[in-house]
Amino acid sequence: MEKYERIRVVGRGAFGIVHLCLRKADQKLVIIKQIPVEQMTKEERQAAQNECQVLKLLNHPNVIEYYENFLEDKALMIAMEYAPGGTLAEFIQKRCNSLLEEETILHFFVQILLALHHVHTHLILHRDLKTQNILLDKHRMVVKIGDFGISKILSSKSKAYTVVGTPCYISPELCEGKPYNQKSDIWALGCVLYELASLKRAFEAANLPALVLKIMSGTFAPISDRYSPELRQLVLSLLSLEPAQRPPLSHIMAQPLCIRALLNLHTDVGSVRMRRAEKSVAPSNTGSRTTSVRCRGIPRGPVRPAIPPPLSSVYAWGGGLGTPLRLPMLNTEVVQVAAGRTQKAGVTRSGRLILWEAPPLGAGGGSLLPGAVEQPQPQFISRFLEGQSGVTIKHVACGDFFTACLTDRGIIMTFGSGSNGCLGHGSLTDISQPTIVEALLGYEMVQVACGASHVLALSTERELFAWGRGDSGRLGLGTRESHSCPQQVPMPPGQEAQRVVCGIDSSMILTVPGQALACGSNRFNKLGLDHLSLGEEPVPHQQVEEALSFTLLGSAPLDQEPLLSIDLGTAHSAAVTASGDCYTFGSNQHGQLGTNTRRGSRAPCKVQGLEGIKMAMVACGDAFTVAIGAESEVYSWGKGARGRLGRRDEDAGLPRPVQLDETHPYTVTSVSCCHGNTLLAVRSVTDEPVPP
C-alpha cells in the first residue's frame with residue numbers, strides 16, 4: 001500500500017472492505033477492495049481470484065477499469081477505477097416519484113448495453129447485474145458496470161449451474177435450476193431497464209417463495225403510459241419468460257429506439273454544453289396533401305394549427321349529460337371504448353385499461369354555490385387500472401356492473417359483480433381486480449362481448465364460448481340454463497363465427513361471409529328471426545318469440561345482404577350492410593328505428609334521412625340509436641330524455657347530427673351504447689405538409 005494513501009472506508013462488500021484511496025503517483029482517486037484471504041473458504045478465494053481474472057480481460061469505457069492486485073497483511077488488494085457519482089440505485093432512489101425522461105433512460109440503458117456486449121464478447125457472464133452494481137461518473141452522465149465477483153468465464157467444458165446473484169434480478173430459468181447463460185444476463189438487463197422507467201423493481205415480494213412465484217409467472221406492473229410503445233415493448237421482450245424469446249444484445253442495439261440513443265452517445269459524450277438561441281421559423285406556405293384517413297372537422301388549408309391536437313378524445317353523453325362531454329385523458333391515445341350500466345372504459349394504444357369514474361363525494365365539481373339554480377355539469381376523473389402484471393389489453397367489454405378484457409396473448413380477464421355467474425369463475429363471487437378466466441386458458445381468444453348479464457367469447461380457431469344468465473336461450477346452448485363457467489356453443493354446420501355481439505337478453509354472431517345468426521329473446525322481431533320477405537308482416541303463429549340456439553336471420557333484407565356492423569339494444573337492433581345502408585328492426589316505441597313513424601311493424605326498415613351517406617358503424621342503447629358514417633359523421637335518433645341523443649332535442653324519429661367539440665380533423669375509432677349512455681372515441685388526423 002506504499003503507493004496509495006487510504007482516505008476512508010466507502011463500503012463493505014460480500015467478501016471484504018472497500019476503501020477510497022489516493023494514488024500518490026498522479027493524485028488520482030481509486031477504489032481498493034481489501035479481501036482477507038485467510039478467513040475465506042476455497043469458493044470465496046476463487047471468487048476473488050475470478051474478479052481479478054475478469055477485470056484483466058475487460059477494457060471498455062462503460063466497465064470499471066482494473067489497475068492491479070497485490071497481497072498485503074494476509075489480504076488480497078484489488079485496485080480499480082473510482083466512480084464518484086454513486087450507484088444507479090442511489091440515483092433512482094433520489095428521484096422519489098419523479099419519472100425520468102425517456103431520453104435519459106435510453107442514455108443510461110445503451111451504455112449498460114454496450115458494456116454487457118463487451119463482457120459477453122469475451123465469453124464472460126456478469127451474473128449479478130443490478131442497479132447497485134452500476135456506477136456513475138461525477139457528472140452522472142457516464143455509466144460503468146462493476147462488481148464481477150461472481151462472474152463466470154465460459155469455456156467449452158463449463159456451464160454456470162450455480163444459482164447466484166441478487167434474488168430480485170434472478171431469471172425464471174435459474175428458479176427452475178437450469179444453467180445460467182447470456183439470456184439470464186439479458187433478463188437482469190430488462191430488470192434494470194424496468195427500474196429506470198418505473199423507479200421501482202420489477203419483482204419484489206415479502207419473502208423468497210413469493211418472489212420466485214412472481215418471477216416464474218412473469219407478473220410485473222406495466223411502466224407508465226408516458227413512455228413510447230417501443231420502450232414498453234422492449235421491456236416486455238427483455239422480460240420474456242422463455243429465454244429464447246429474449247432478443248440478443250446485437251438485436252437490441254439494432255432497434256431504432258436504441259440506434260438513436262447510441263448515435264447521440266457517441267456524438268455527445270464529452271461535448272461542452274452551450275446555450276443556443278432558437279431562431280423563429282417563418283410559417284410555411286407549402287400546401288398540404290390529403291390524408292388517406294377519412295375525417296371530420298375544420299376545413300383543411302395550408303396553415304397548420306399552432307397547438308398540436310390531442311392524440312385522441314373520448315366523449316360521453318346520456319345519463320344526464322345533454323351534449324357530448326370530452327372526458328379527461330391521461331396524455332394517451334384511446335383506440336377502443338366500452339360502456340356498461342355504470343362503467344366507462346377504454347383501451348389505450350399501448351395496451352392499458354383506462355376507466356372514467358365520478359369523483360368521490362366532497363371531491364368538488366358536483367356542488368352548487370348558494371343561490372345557484374343551474375345543475376352543475378357532471379364531472380369525471382380518469383385513471384388507469386392498476387395492479388396489472390405486465391399484461392397488454394387489446395379489447396374491453398362492459399356488462400351490468402362487470403367488465404371483461406382481452407389481452408394480446410388471447411387471455412380473457414373479468415372483474416366486477418359476479419351475479420348470474422357472468423365473471424366465468426365458477427361462482428357468484430364479486431371480484432375487484434381483473435382475474436383470468438381459467439377455463440379458457442387452453443384457448444387463444446380473439447374477441448369478447450358482454451350483455452347485461454352474460455358473455456360471449458370467440459377463439460382464434462372460431463370456437464365459441466358463452467356463460468352467465470341463460471333465460472330466453474341467450475347463451476345459444478339449446479337451454480335456458482345459466483352457467484358460471486364458460487360453455488362451448490355448438491355452431492350450425494358450415495358457419496364460421498367472425499364477430500360476437502351481446503344484447504340485454506340475446507346474442508348475435510356475424511359469420512365470415514357476412515351472414516348473421518342470433519339466439520335469445522326475439523320480442524318485436526328485434527333479432528330478425530321471423531321469416532319475412534320485403535314489406536311482409538308475419539301472421540301471429542309465424543312469429544318467433546325466442547331461439548335457444550343460434551339461428552340464421554330470416555327477415556329480408558338482413559338474410560340477403562352481407563352485414564358489416566350490427567348491435568343489439570333493449571328492444572331493437574341495427575345493422576349496416578356492405579353497401580353502407582343502415583337497417584333497424586324491433587320496437588319503434590320511441591322512434592329508435594329512424595322511420596319518423598311509431599308504427600308497430602316487425603319487418604326491418606331502412607333508416608330514413610341518411611340517403612347518400614355511407615354508414616360504417618352502428619350502436620344501440622335502450623331506446624335510441626347512434627350511427628357513424630364512413631366520413632366519421634355522427635348521427636343519433638330515438639328517445640331524447642336525459643341526453644340520450646347528445647343534443648338538447650326531445651325525441652327525434654329521424655337521424656340528426658351530433659356535434660363534437662373538435663377543432664382539428666378527426667376520425668371516429670370506436671362507439672359504444674349501453675342503457676341510456678354513449679361513449680365515443682375519436683382520433684385526431686393531421687395533414688402532413690407536402691415535401692418540397
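Cβ coordinates come from backbone N, Cα and C, glycine included.
Predicted, not measured: the structure shown is a model, and the values here were computed from it.
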Annotated range (Swiss-Prot: region 'Disordered') out of 277-301, 577-601: 277-301
DSSP residue counts for the repeat 'RCC1 5' (632-684), split into helix, strand and coil: 3 helix, 28 strand, 22 coil
Cβ-Cβ under 8 Å with the repeat 'RCC1 1' (312-350): same-chain residues at least 6 beyond its ends: 225-226, 229, 232, 356-357, 377-378, 380-384, 392-403, 405, 416, 450, 452, 621, 642-648, 658-662, 666, 669-684
Across the repeat 'RCC1 1' (312-350), average pLDDT on the 0 to 100 scale: 92
